[in-house]
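**Q** Below you will find the structure I want to go over with you.
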Amino acid sequence: MLRVGRAVACVACNNLASKNMGVRFRMPLQKLHPLSRAIHHRYNASANAQRPPHCSAARHFTSMSRLPMRPPKPSPGGHGGWRYQQHRSFWMLRLASRLLKLRYIVLGSAVGGGYTAKKTYEEWKDMLPDMSAYNWVIPDFVWELSDQIDLDKLTKILPELEEIAKLLPELPDFDKIGENFTFLKSILFTAEAPGDTPVKAATEAPVTATPEASDKQFKKSSDKEKVDQLQEELLRTQMKYQRMLERLEKENKDLRKVVLQKDEKGIHQRKIKKSLIDMYSEVLDILSDFDSNYNTQDHLPRVVVVGDQSAGKTSVLEMIAQARIFPRGSGEMMTRSPVKVTLSEGPHHVAMFKDSSREFDLGKEEDLAALRHEIELRMRKSVKEGQTVSPETISLSVKGPGIQRMVLVDLPGVISTVTAGMAADTKETIFSISKNYMQNPNAIILCIQDGSVDAEADRHRPGQSNGPAGERTIFVLTKVDLAEKNLASPNRIQQIVEGKLFPMKALGYFAVVTGKGSAGESIDSIKDYEEDFFQNSRLLRDGMLKAHQVTTKNLSLAVSDCFWKMVRESVEQQADAFKASRFNLETEWKNNYPRLRELDRNELFEKAKNEILDEVISLSQVTPKHWEAILQKKLWERVSTHVIENIYLPAAQTMNSGTFNTTVDIKLKQWTDKQLPHKALEVAWETLQEEFARFMAEYKGKDQDDIFDKLKEAVKDESIKRHKWNERAMDSLRVIQHNALEDRSITDKPQWDAAIQFMEETLQARLKDTDSVINDMVGPDWKQRWMSWKNRSPEQHTRNETRNELERLLKLHEDHTAYLANDEVTTVRKNLEGRGVEVDPALIKDTWHQLYRRHFLQKALQHCNLCRRGFYYYQRHFVDSELECNDVVLFWRIQRMLLITANTLRQQLTNTEVRRLEKNVKEVLEDFGEDNERKVHLITGRRVQLAEDLKKVREIQEKLEAFIEALHKEK
């Protein structure tokens, strides 16, 4: 290229020299271009005349050096002209090299491009509409955002780039990934270079599309992708929760099984040493559930808290328990059922229900609220519909430091009138519950009396019902602070606590204060208030009350001492009573059931459960041959009438084989699409039920205990009720039956003979039924009349004459159609009238129907007999009008359909339905096992009740003996 450039420069110099333009001059040497300076010194003859000519070929060149310019040819104008032209050409070259430098080109392009961009921006700006008129649409606060938002503060809050880089995981090298993709793309294009390849076409296709079309297509595809993604996400979420639900149901079912299988004998738990009061409370819990004729559960000591509604019973009990554990209401009945509270000393202040493992921390207000709510729920749950109170006992244990050991029962408060919303018998029910507990001769009655009301105005004093001696009653006067303020005569309080006002004597008299009446008061504040009141009270200061008769602390100590004294005096006597009860029950069992084990209701249920499951398992032992035989037989019994009456007989009335086959195909198709699959599944379901019942009946005969009959019958009925046949079975069965009925090719002679035999048996059965109907219509013949002394009725005589006349008509016209013409009916009626027989046309047609049916069946049997040797003609497709056996082919198709259907149903039964039925039986047994009421209803009898009583009495006696032993050790 340098040579070409030099040639261009020489041509330019020659042109300039030829025109004799310019003046000879020399520029300073120090300002020459280095290349020009080198050329100037090298080829200046006057300065260096002795230097030999330069040989460019011998010089070493590098990529950074410039090639030397060739010396121009000498001009014919002499030495001076040549020198002038040489200097002129170097000046022009220097000027061109300065002007054509790259930085000037780039700078000029940038200036021009910026100017063009500015013009374009101004043009676009002028094209936009003026939106200043719509500034009112934007709220004012938008314009003030820049003043309210402190960007510097926000930037300081945001983390630095180094901190974010520490938090982020190591990112991949995107530069390397880009280089790899570029390299892969170059390989693909290189490999596909010879022609218009698919890769090239795929890469160039988007370029040919218009931007508008591509934007629309991209928008459509993006919206569709979003919808698809949302649907997939919804399905994934639904499947996720479905799996979670199935897992929870499975876990719940497994836990139910564990609970059902858990009993005291099966799972050996570690024995935990229980306290004395816990052992005694456990005996009382068992007694509360034990309902026997001996009524011994009421003879063990306990403290019964009785009194009027809102007298402060619950408050006194809470002060003894040192926690606000009961739900409260202003004047409303809150205690709706008896609550047995077992108090004992422990390191932590906690409460727990008998049938629950949850501990309520009484030091936390949240647990206290939850405990009160749980007690209220249990009370409302125990109350039956239409009632206000319930006799069912709620068992609760409270442990804590400084709590006296005893068992208290809080009873519903006695009311004087029944208010709105209460049951009509609420007053009597409450009195009955209180009386039932107080009749226990060993019960300690804690009688609560409101001290703020007049003693004579008290509605009920249940403690008086136990006799004037009051040897089991402890009298408690509450709200003494209000009584001191309201009563003008303090001596009345002294008379009450000394037992002089009421006509009874009690074990002790106490006066307590249970707060100021606020529901939010804590136990500690109530205690402080009570102590402050009695310290400053005039009643105690003046000697009207003794120090040991005041405060709930003294009350709890006295009640506890009295309770344990009563327990020590009576518990051994009660243990002897239970021992006698056990002896009586065991004697009754030995005399009535000497060879039977003592199984209670739960044990009997487990035994019956195993027997039922064994009976269900026996269904899987039924042979396939037996299943298919009974299925085929029952299915044909169900569909035979439809096949004969609606398919075969109408098609047989046609005159040629083509019409016969067409009619048969149409009716078979309609039958298969609508009725046949339903009938087949009904038959299969009934067969499964019958086999299940048959196996249970057979198992029952083998020394079966009849006590399980009601349970087994209920399990069978409920399992069959829950069982639903597989929905997909009908569709597959319809296709199989349709394909079986479409086949007309009888391949061998045995199949042909089997079809003929099937047809003969079917037609003979129909002929027998028809003869029976005709005999009933016409009455007994002469032989039966003479031998059996039977006569015909007038109607039978008329039908007999009609039959004779119609038989003569059939003999004359053997190929008669199935229906009589009107003129034929008239002719028969006229002939009968000529013999003195009056007959109705409807009777003639009815008789004709049965006679023609018998005539047709007889002809069909004769034709069937002729077709025995027709298999050869059928196989060779001979056309013989006298031997067309299309009806044999029809019965072969029906028979084959029955065989295939029976086989299919048998597979569904053995592979699926028997297992599903077994699963249903297990679920029903599990549900029955959880329902105690249903078990009581299904497993009944004196034997069961006697075993239940024996088990309970033994358990009570064992626990009482263990309690007595621990009580003696404590002494």
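Backbone N, Cα and C atoms are what each Cβ position is placed from, and that goes for glycine too.
Look at Swiss-Prot and you will find Ser310, Gly312, Lys313, Thr314, Ser315, Gly329, Lys479, Asp481, Thr514 tagged as GTP binding site, backed by similarity to another entry. Residues annotated as coiled coil in Swiss-Prot, with sequence analysis given as evidence: 219-265, 906-971. Positions annotated as compositional bias 'Basic and acidic residues' by Swiss-Prot: 213-224. If you look up Swiss-Prot, you'll see Cys867-Cys885 marked as disulfide bond, on the strength of similarity to another entry. Summarising the annotation, Swiss-Prot assigns domain 'Dynamin-type G' to 297-572 and lists sequence analysis as the type of evidence. Positions annotated as intramembrane segment by Swiss-Prot: 782-792. As annotated by Swiss-Prot, region 'Disordered' applies to 204-224. According to Swiss-Prot, the feature region 'G1 motif' maps to 307-314. The region 'G2 motif' annotation in Swiss-Prot covers 333-336. Per Swiss-Prot, region 'G3 motif' is recorded for 410-413, and the stated evidence type is sequence analysis. The region 'G4 motif' annotation in Swiss-Prot covers 478-481 and rests on sequence analysis. If you look up Swiss-Prot, you'll see 512-515 marked as region 'G5 motif', on the strength of sequence analysis. Swiss-Prot lists 600-847, 885-939 with the feature region 'Stalk region'. Residues annotated as region 'Paddle region' in Swiss-Prot, with similarity to another entry given as evidence: 747-867. As annotated by Swiss-Prot, topological domain 'Mitochondrial matrix' applies to 90-98. Annotated topological domain 'Mitochondrial intermembrane' per Swiss-Prot: 116-781, 793-971, in sequence order, evidence recorded as similarity to another entry.
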**Q** Cβ under 8 Å to the region 'G3 motif' (410-413), counting only same-chain residues 6 or more beyond its ends: which ones?
**A** 304-311, 313-314, 317, 326, 333, 335-339, 341, 389, 430, 433-434, 437
**Q** Determine the mean pLDDT over the region 'G1 motif' (307-314), rounding to the nearest whole number.
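**A** Looking only at the region 'G1 motif' (307-314), pLDDT averages out to 82.
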**Q** With Cβ distances under 8 Å as the criterion, find the stretch in 478-481, 512-515, 885-939 that has the most pairs with the region 'Paddle region' (747-867).
**A** 885-939
**Q** Near the region 'G5 motif' (512-515), which residues from the same chain, at least 6 beyond its ends, have a CB less than 8 A from one of its CBs?
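**A** Sequence-remote neighbours of the region 'G5 motif' (512-515) are 312, 315-316, 318-319, 476-481, 521, 525-526, 529-530, 533-534, 550-552, 555.
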**Q** Please report the Cα separation of Ser315 (GTP binding site) and Cys867 (disulfide bond) in Å, rounded to an integer.
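**A** Cα-Cα, rounded: 102 Å.
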**Q** Could you state the CA-to-CA distance between Cys885 (disulfide bond) and Ser310 (GTP binding site) to the nearest Å?
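**A** Ser310 (GTP binding site) has its Cα 99 Å from the Cα of Cys885 (disulfide bond).
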**Q** What's the CA to CA span in angstrom from Ser310 (GTP binding site) over to Cys867 (disulfide bond)?
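**A** Checking the Cα atoms of Ser310 (GTP binding site) and Cys867 (disulfide bond) gives a distance of 101 Å.
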**Q** For the disulfide-bonded residues Cys867, Cys885, work out the Cβ neighbour count at 10 Å and name the residue with the minimum.
**A** Cys867
**Q** Would you please pick out, from the binding-site residues Ser310, Ser315, Thr514, the one with the fewest other Cβ atoms within 10 Å of its Cβ?
**A** Ser310
**Q** About how far apart, in whole Å, are the alpha carbons (Cα) of Thr514 (GTP binding site) and Cys867 (disulfide bond)?
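**A** Thr514 (GTP binding site) and Cys867 (disulfide bond) have their Cα atoms 108 Å apart.
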**Q** So among the binding-site residues Lys313, Lys479, who's got the most Cβ atoms within 10 Å?
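**A** Answer by Cβ density within 10 Å: Lys313.
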**Q** With DSSP, how much of the region 'G1 motif' (307-314) is helix, how much strand and how much coil, in residues?
**A** 2 helix, 2 strand, 4 coil
**Q** How far is it from Lys313 (GTP binding site) to Cys867 (disulfide bond), counting Cα to Cα, in Å?
**A** 101
**Q** Within the region 'G5 motif' (512-515), how many residues are helix, strand or coil going by DSSP?
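**A** Reading the DSSP string over the region 'G5 motif' (512-515) gives 0 helix, 0 strand, 4 coil.
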